[in-house]
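This report refers to the structure that appears directly beneath it.
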Amino acid sequence: MAAPDSLSHGPSGDSVCLQEEKVSAEMMLVDCLTNYQELVSFDDVIVDFTQEEWTSLNPDQRTLYREVMLENYKNLATVGYQLIKPSVISWLEQEEFSTGQKIVFPEWKIQLETQCSASQQELLRGNISNGMQTQTGSDTGRGLCDGTQYGDFFSELSPLRTVMKTRPAQDNYDSSQCRKDFLMLQRKKCAGEKLSEFNQSEETGAIPGKAYQKMATQEKCFECSDCGKSFMNQSHLQTHQRTHSGDKLYELNECGRSFINSRLAVLIETLNAKKPHRCKECGKGYRYPAYLNIHMRTHTGEKPYECKECGKAFNYSNSFQIHGRTHTGEKPYVCNQCGKAFTQHSGLSIHVRSHNGDKPYACKECGKAFLTSSRLIQHIRTHTGEKPFVCVKCGKAFAISSNLNGHLKMHAEEKTCECKICGKAFGYLSCLNNHMRTHNAKKSYTCKECGKAFNYSTHLKIHMRIHTGEKPYECKQCGKAFSHSTSFQIHERTHTGEKPYECKECGKAFICPSSFRIHEISHTHTEEKPYKCQQCGKAYSHPRSLRRHERIH
């Protein structure tokens, strides 16, 4: 383990090393997410420090470390991964991290005293199945357990440590060369290459850095004829061209998956070797048995964390903690621009995009962009017509799960909210309040152009399109545009031939419901007038006649 005085090469050296490791980790992360999504985890892109290394960093360097780790975690979260927030991230999100009072070892995310009890050692080996517990180091400054004393648990140290070991014990070495050596070692570690050249150079203390000087001066003279991208050597160009041809030359023995890049194949094999504990149900691998035990809850349905307030249970402790904020009202994540607060950091991150105008998830069909991937998935269903959420009681299908949940409540709950004027009942008070506006003579939303009033703001917004001429709904078949979505949907049926409204008496079908209702009256042979004016009581057989009459009031 590197001694504290071995890290005294100045803030700029550590900062650049951290930035270089950030770039390397991000490259590794992108490759993994693109080609082998199920094996990447936060542990694979983490930067770890020993206690001695941490105490040697100044506040600026610790701040940089915080930014690197939070950004790596954000990169995983923003591509749609459902992550259990690591304790190191929760720790870094606290303001007091820079004081150095807490030391977190990211590899295990457990704080240890110098003398570990037998039960604690069993916990590290994964023999205790109820999750990992945390101990706090003593105030007297006792350090972390040494990796040599406790086997291989802390053997995968940062490449920075390996580079430092190869350096002679002197203060006047070239820090820029150290940075180059460190980045080279990190890349070799990611690619699974042997580090023999570094071990051979320990006697002299010399580590080759010519490759980096060549990379800095060499021009990118190999250009892809398909997309114009340039590369510094022909082998990189050949690897890139396989992305256009679809050729995958390197196959993994264990899972049979193929890759275009030998380095990526070696990387995946390395990741597989680092995760020997496999789930028998789905085959997912983990580094430690304790992580596997937590994962098994998804298969067994075990939910050990139960809320005392409402009885809801959770698989993971962090989900339970977030849920507890719904009862306490705690919202620790506050937007600096508008002051809006959130219970989760992910909610704040999504909200910040609304200020920046950043909508990274775009629909390939119509080009509409969204803040989150889940909203994009919901939108795509409007193109495909997919409705995967089906009510088991009545068979009605929905494109969004929340709509199904609201629909199920209508089956489960009695309609206790009854209108005293007309007797109509509703399952929710909010629905009754909306209904009451139809009885109230006062219409709160008035058009400034013509003075027409409406019960709902959405109705006023739709009405304003008459004055502005806005027609946002355009038919792709004939180019005709409409100001109302319902008119657009009815028009589309003229192209598809769909007639969903069929008369049970004669079998005649109609495109729109209004035509169907008028037709139904013709079968009754009575002058039924279901549309009654609430002002004077006069009744009409068609809604258009009622609307025409209401204008005189």
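Glycine too: its Cβ is placed from the backbone N, Cα and C atoms.
Per Swiss-Prot, the feature domain 'KRAB' maps to 40-111; the stated evidence is sequence analysis.
Summarising the annotation, Swiss-Prot assigns zinc finger to 222-244 (among others).
The zinc finger feature in Swiss-Prot is assigned to 277-299 (among others). Note: the zinc finger (277-299) comprises 10 helix, 4 strand, 9 coil (DSSP; helix = H, G, I, strand = E, B).
As annotated by Swiss-Prot, zinc finger applies to 305-327 (among others).
Taken from Swiss-Prot, the feature zinc finger applies to 333-355 (among others).
Residues or ranges marked as zinc finger in Swiss-Prot: 361-383 (among others). Shown for the zinc finger (361-383): DSSP residue counts in helix, strand and coil, namely 11 helix, 4 strand, 8 coil.
The annotation zinc finger is assigned in Swiss-Prot to 389-411 (among others) on the grounds of sequence analysis. Counting residues of the zinc finger (389-411) by DSSP class, helix then strand then coil, yields 11 helix, 4 strand, 8 coil.
Within its own chain, the zinc finger (417-439) is flanked in space by residues 409-410, 455-456, 534, which lie at least six positions past its ends and keep a Cβ under 8 Å from the stretch. According to Swiss-Prot, the feature zinc finger maps to 417-439 (among others).
In the predicted structure, the zinc finger (445-467) carries a mean pLDDT of 86. Positions annotated as zinc finger by Swiss-Prot: 445-467 (among others).
What Swiss-Prot records for 473-495 (among others) is zinc finger, and it gives sequence analysis as the kind of evidence. Note on the zinc finger (473-495): DSSP counts are 11 helix, 4 strand, 8 coil.
Counting residues 6+ beyond its ends, the zinc finger (501-525) has Cβ neighbours under 8 Å at 490, 493-494, 541-543 in the same chain. Swiss-Prot lists 501-525 (among others) with the feature zinc finger, giving sequence analysis as the kind of evidence.
Remote same-chain partners of the zinc finger (531-553), defined as residues 6 or more beyond its termini with a Cβ less than 8 Å from a stretch Cβ, comprise 439, 514, 518, 521. The zinc finger feature in Swiss-Prot is assigned to 531-553 (among others); the stated evidence is sequence analysis.
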Name the range, of those listed as 277-299, 389-411, 473-495, that has the largest tally of Cβ pairs under 8 Å with the zinc finger (361-383). 389-411
